[in-house]
Amino acid sequence: MDGSDQRQYPLGMEAGVHKVVAPPRQSTVDKLKGKMKETFFPDDPFRSFKGQPARQKWLLAVKYLFPILDWAPRYSFSLFKSDLVSGLTIASLAIPQGISYAKLASLPPIIGLYSSFVPPLVYAAFGSSRDLAVGPVSIASLIMGAMLRQAVNPSTDPFLFLQLAFTSTFFAGMVQASLGILRLGFIIDFLSKATLVGFMAGAAIIVSLQQLKGLLGISHFTTEMGIVPVMSSVFHTTDEWSWQTILMGICFLAFLLLTRHLSMKKPKLFWVSAGAPLASVIISTLVVFLFKAQKHRISVIGQLKCGLNRPSWDKLLFDGTYLGTTMKTGLITGIISLTEGVAVGRTFASLKGYQVDGNKEMMAIGLMNVVGSCTSCYVTTGAFSRSAVNHNAGCKTPMSNVVMAMTVMVTLLLLMPLFAYTPNVVLAAIIIVAVIGLIDIQAAYHIYKMDKVDFLVCICAFLGVIFISVQEGLAIAVGLSIFRILLQITRPKMVILGNIRGTDIYRNLHHYKEAQRIPGFLILSVEAPINFANTNYLNERIKRWIEEEQCAESKVTSLQYVVLDLSSVTTVDTSGIAFFMDLKKTIEKRGLELVFVNPVGEVMEKLQRANELHNFFGTDSLFLTISEAVISLSSFIKLSP
């Protein structure tokens, strides 16, 4: 095949029946617009705006920003009855959990209740999930407390610690809202399923072990998160153990576990486990008050002031000394809580058959944390346990969050003195039972059965969290996940194809036993985009295959054609085009011919442009299918002498 053959026909024509054609020409601006749309607006959220008059477009825009305006005009009393029951039910869970999670974050208990009042109101106006119940969550509380304690001791300087918590919440909200506004939600996808399963399980164990302080009545306990220092602290302070505290803790822990088990066995009794934490708080508070148990080594919360959230924008601290700490804490807690909230919202939306806009959720969660940081709240999101109760209780709209917030408001205004005798041991038991559900052994087993590398990531996240720290464990798991992606990019899958006898189908020789090699042809398929990161690998791999093929070639027919199936190559860069040109020259030096099969879209367009400049392949080097290539070129196969 000489140069004259390359100029006989227009580019794209071949000897077979069909021809390979380049995609319709587009301007650079149109291409850029298309790529930007697919990158940042894959769900096309503004498709309902098309063809609408200007007034209607403005109305749709306002409804997009404030989803409450979409469902509120259609709201009815029957819907309110369902939301009222749901709101009161999740409030019974949110009040004790709010107090408990605030202590987990080393914050005053009242901050947990503040965080269950303002953020739900903000989310009700801006959120798109009907089932999400927002408030403090265990993992974000644990991370925030652990990271801020590295900079400030909450016991010696509680006001500064509170300032850092509010500032971290502000940065968390800014990160979350920015991801939604800039349509960068795909960033949270770097927290893979395997990473989250391992991370959540490890964090649940660390959270539970931290509660041994309350369950055993220990006063002097380590602030470190690793399993080794925690267990060391437990057994080095046996003289502080209180049998009264242990007895009460075991009783209420058993009660909470029993109600949880009952609700799991009989979902219709969900209200039993939902009301159990509040019942535990009430009963334990009465026991302590009646028997004056606080005088018998059972520690209590103490006096809590009545009143609603106080403004805290003046407490936001942007001092350079702690700016790095608060920004880092905000980033990590923001990403973790955002991942949990969006995942929970999508889970329950799929159960009820409606759509949740991930980017809109990010804006809503981010905004409620920014507002929360200015109203004495710390990081909040949609918790799975609370949302599950909300869903099972039959919520219909985000109004259930408003009902919950109003219930918390009444508690803040009137009922705070009643918590003065609430024992800390019961709060520890509530936290332990709440985080047990984060340990998903079945999911870990499924990951192990499906993908051993993903399971390794899961185990690394788990071990990193319990033996090093929460943030380092998460960083290790994310790093391993990204490393795996880089390996897939730099070492793309490439296979040798063979023909299934009696058909025009070509499949992987190592996968299909019935697939057979075609004499004189080496048919290769690249199953990944070709770019600067993998061209060297592809070049070396193809050369090695050619050498192996020539060493083992038949005495009747020698290798004459290398067929490169590009059907699975979705994109190629300039390094990839240079790779094709160099590969063709290398193959021709060996006395062989390189043939391309079915280059698609962008790949064909760039091949065409490169050919116009360098004229490096002809019409007889381009085919639509492997079968047509083999049929067309078989007549040129030369038999070995």
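From the backbone N, Cα and C atoms, a Cβ is placed for every residue, glycine too.
Listed as Cβ neighbours of the transmembrane segment (107-126) (distance under 8 Å, sequence separation of 6 or more from its ends, same chain) are residues 65-68, 94-95, 97-101, 132-136, 145, 154, 158, 161-162, 165, 301, 304-305, 308-309, 360, 363-365, 367-369, 371-372, 375-378, 380, 398-399, 401-402, 404-405, 408-409, 411-412, 416, 419. Annotation source TrEMBL lists transmembrane segment at 107-126 (among others).
Summarising the annotation, TrEMBL assigns transmembrane segment to 158-182 (among others). Sequence-distant contacts of the transmembrane segment (158-182), counting only residues of its own chain at least 6 positions beyond either end whose CB sits under 8 Å from a CB of the stretch, comprise 40, 105-108, 111, 144, 147-149, 151-152, 188, 312, 315-318, 322, 325-327, 329-331, 333-335, 337-338, 359-374, 376-379.
Away from its own ends, the transmembrane segment (194-212) comes close to residues 104, 138-139, 142-143, 218, 225-227, 230-231, 234, 339, 343, 428-429, 431-432, 435-436, 438-440, 443-444, 447, 451, 454-455, 457-466, 470, 473-474, 477-478, 481 of its chain (Cβ-Cβ under 8 Å, at least six residues beyond either end). Look at TrEMBL and you will find 194-212 (among others) tagged as transmembrane segment.
Here TrEMBL flags 241-258 (among others) as transmembrane segment. Residues 214-218, 273, 276-277, 280, 284, 287, 293, 296-299, 423, 425-426, 428-430, 432-433, 436 of the same chain, all 6+ positions outside the transmembrane segment (241-258), place their C-beta atoms under 8 angstroms from a C-beta of that stretch.
Among the features that TrEMBL reports, transmembrane segment is placed at 270-291 (among others).
Annotation source TrEMBL lists transmembrane segment at 362-381 (among others).
The transmembrane segment annotation in TrEMBL covers 402-420 (among others).
Annotated transmembrane segment per TrEMBL: 426-448 (among others), in sequence order. Packing against the transmembrane segment (426-448) from elsewhere in the chain are residues 96-97, 99-101, 103-104, 138-139, 193-194, 197-198, 200-201, 203-205, 207-208, 211-215, 248-249, 252-253, 256-257, 260, 277, 280-281, 284, 301, 384-385, 454-455, 458: each is 6 or more residues past its ends and has a CB under 8 Å from a CB in it.
Here TrEMBL flags 455-483 (among others) as transmembrane segment.
If you look up TrEMBL, you'll see 511-633 marked as domain 'STAS'.
Within the same chain, residues 83-84, 86-88, 90-91, 94-95, 98-99, 109-110, 113-114, 116-118, 120-121, 124, 133, 135, 281, 285, 300-309 sit at least 6 positions outside the transmembrane segment (402-420) and bring their C-beta atoms closer than 8 Å to a C-beta of that stretch. Secondary structure of the domain 'STAS' (511-633) per DSSP (helix as H, G, I; strand as E, B; remaining residues coil): 58 helix, 23 strand, 42 coil. Residues 89-90, 92-93, 95-97, 248, 252, 255-256, 259-260, 262-264, 298, 300, 388-389, 392-393, 418-419, 421-423, 425-427, 429-430, 433-434 of the same chain, all 6+ positions outside the transmembrane segment (270-291), place their C-beta atoms under 8 angstroms from a C-beta of that stretch.
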